[in-house]
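Chemist: Dropping a structure here in structure tokens format, bear with me for questions.
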Amino acid sequence: MNSSSSTSTTDTLHSFMEALLIDQYLLGWIFAFLFGFLLLLNFKRKREKNNSTEFGTDHSNGYYIPENIAGSTDVIIVGAGVAGSALAYTLAKDGRRVHVIERDLTEQDRIVGELLQPGGYLKLIELGLEDCVNEIDAQRVFGYALYMDGKNTRLSYPLEEIHSDVAGRSFHNGRFVQRMREKAASLPNVRMEQGTVTSLVEKKGSVKGVQYKTKDGQELSAFAPLTIVCDGCFSNLRRSLCNPKVEVPSCFVGLILENIDLPHINHGHVILADPSPILFYKISSTEIRCLVDLPGQKVPSISNGELANYLKTVVAPQVPKQLYNSFMAAVDKGNIRIMPNRSMPADPHPTPGALLLGDAFNMRHPLTGGGMTVAPSDIVLIRDLLRPLCDLHDSSTLCKYLESFYTLRKPVASTINTLAGALYKVFCASPDKARQEMRNACFDYLSLGGICSQGPIALLSGLNPRPISLFLHFFAVAIYGVGHLLIPFPSPKRMWLGARLILGASGIIFPIIKSEGLRQMFFPATVPAYYRAPPIR
């Protein structure tokens, strides 16, 4: 009996333990299920929270703005002109995903941006875009011929120590731009789209992207960590990124002379006419561009024949005789174009997430063709600044770093800007006797040859854009003019005229230098932004 009782007790204990073990397993599975469910719920909540912080609503316009953009675009470029197309190709070649939005992707017919100086061509080589001057009937340019009062002198670019292919180029601007667009669009990471950008998308002081209308009129938004605005001289976006002080010192009247060669082959021709310069240069094998500068913003009417009469009676008698008949025929043909000449010093407001470039940012008188040198030079600088950066999303840090762009570009850009503004004022006729002497001195100084012509032409061509060289040559011209007045017999009247000449020269160049920024132009190394390092990743 004791034995059976013991066996029964043992069986009961085993049954209890088995039941308890099963209950423990069941309880464990229940706890595991509950724990997993709670983890999944917590993960879902965190994900929703992250998604809600990734998109913040801008209540001023009601659309969503990505905070942490990790989409398909690294850089948005507004405008696909010379600057925008070259920049798109350059950044895409470095692996950036680029979205270009251009108002009109058809070939444009412009009367400026048709001359590329050798310095600009060297920058194209550096960017890998030199072949864009091929297959557009571009003409090689080796210097200038300068005419004044029946005299003329030839100024050649100092190209002796440079590769034989390097020279200036002149062409139809529209053809050149289309070639650059095609080259940029050929890269798989460039999206070229036709549309009109209406505004920048901003949040908390940072630019997050743009709003734009497509070709079909659909309103869309595009986002990227960096937006670069280069939508030209008529930019409607620059006001939020800089302090625009646009001046219109004159207008160009454009004509095309056909089937004739210039007196000096492969040279641009500058006539120091009254009241202001006239330019001639080839833009194809059969066409010569003529640009007649008219001071001020008022131009005689085309419709009533007033402008044609002005060109025939005032301008034509000052044109070289070899070009006179072709000039008159071009006026009679009637295809006359007018373009205001704008100048605007660079005065940016550094803004996280955005940069200004090209004519939207900085303009100078087009007399010297300097804009086609400044733009590719700026693009080389931007490329070199962005190369160390793998991530562009830290907009405030990136903005502080890219402030160095505005400082580093100054010596080159300001030299070309100052030269264009000063040369235009010197080349214009004036009733003031001192200004007349300065104009004569400039022509005679350039005619001396040697360093007196090679130094200024190296500045003009963008081959040696150094501020100190510009300053020294400009006042060398003024001192040369004073010496011409005082030798061989100085008189009180001539001494006074010489003093006025120096004062007039100072009055021309110093206001331009002031607007460009004396410190940034001559002493950029004293500006803190000069030493900014890229953000550490």
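Every residue gets a Cβ built from N, Cα and C, even glycine.
Taken from TrEMBL, the feature domain 'FAD dependent oxidoreductase' applies to 74-104. Residues or ranges marked as domain 'Squalene epoxidase' in TrEMBL: 223-496. Per TrEMBL, transmembrane segment is recorded for 25-43, 470-489, 495-513.
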Chemist: Cβ under 8 Å to the transmembrane segment (470-489), counting only same-chain residues 6 or more beyond its ends: which ones?
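Modeler: Those are 415, 418-419, 422, 426, 437-438, 440-442, 444-445, 452, 455-456, 459, 495, 497-498, 501-502, 505, 509, in sequence order.
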Chemist: Averaged over the domain 'FAD dependent oxidoreductase' (74-104), what pLDDT does the predicted model reach?
Modeler: 97
Chemist: Go ahead and report the DSSP secondary structure tallies for the domain 'FAD dependent oxidoreductase' (74-104): helix first, then strand, then coil.
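Modeler: Counting residues by DSSP class gives 12 helix, 9 strand, 10 coil.
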